[in-house]
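> Feature table excerpt (Swiss-Prot):
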TRANSMEM  8-28  transmembrane segment
TRANSMEM  29-49  transmembrane segment
TRANSMEM  78-98  transmembrane segment
TRANSMEM  100-120  transmembrane segment
TRANSMEM  133-151  transmembrane segment
TRANSMEM  152-171  transmembrane segment
TRANSMEM  189-209  transmembrane segment
TRANSMEM  231-251  transmembrane segment
């Protein structure tokens, strides 16, 4: 399976670079990499496992880039990242038990709601606002819950973390983006460990795409730090709506099946 033709490997590398760029700013890289791997003929389970491997490079690259500029303190936020990883482990392990159809059915509408929130809310910039919950409560509740979701299903995880950081933690948009990437790295580590245990990782493909992700995330995170909320907000809105449309357009989407289309 890993002996893919050169043009397919080149295609996956480019897809990973673009995904790394977009994901480092607004999340949603999986909506590029997962279809790309399926198009290349990689089976669904190996696609999910390999996606987590290459995603580690993108989220890790963006996290380091943001941390070097002081937008996230890795030591201080490590407990939060560990809770995200723990949630993702449970999510990946329980993926067969959780009603996946319900998640798939409601996710597009949640993403549209997030897009509307970020698109219509005025005065949302890079300045921190008053927090609605303590960091302790945020770490013990929302973080593992979103990490769990990432392990079970995945698409839109970055949008949910962004929403939590902005609305509950009171973070500015750029700071929220930086912290989102670190927690996304944590959930990627957790879910990747489970897929690795079950042997669902294609190393050659994952490492090649990981290089593309790393480079794309370096470019994307630098662009985000240069432009701040001016680029992060609109890209987050676009990515959320695009992901919602892609999910609804899928013939296997539960809503389309229930409606008989």
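Start at 1 and count along the chain as shown; that gives each residue its number.
Every residue, even glycine, has its Cβ placed from backbone N, Cα and C.
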> Kindly say whether the transmembrane segment (78-98) and the transmembrane segment (189-209) touch, using the definition of 3 or more Cβ pairs under 8 Å where each pair is 6 or more positions apart.
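Contact between the transmembrane segment (78-98) and the transmembrane segment (189-209): present.
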> Hey, which of 29-49, 100-120, 152-171, 189-209 has the most Cβ-Cβ pairs under 8 Å against the transmembrane segment (231-251)?
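Looking at each of 29-49, 100-120, 152-171, 189-209 in turn, the most contacts to the transmembrane segment (231-251) are made by 100-120.
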> Counting CB pairs under 8 Å, which listed stretch among 29-49, 100-120, 189-209 touches the transmembrane segment (152-171) the most?
100-120
> Take the transmembrane segment (29-49) and find every residue of the same chain, 6 or more past its ends, with a Cβ under 8 Å from one of its Cβ atoms.
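Residues packing against the transmembrane segment (29-49) from afar: 1, 4, 8, 11-12, 15-16, 18-20, 22-23, 55, 58, 154-155, 192, 195-196, 198, 200-202, 205, 209, 213, 239, 242-243, 246.
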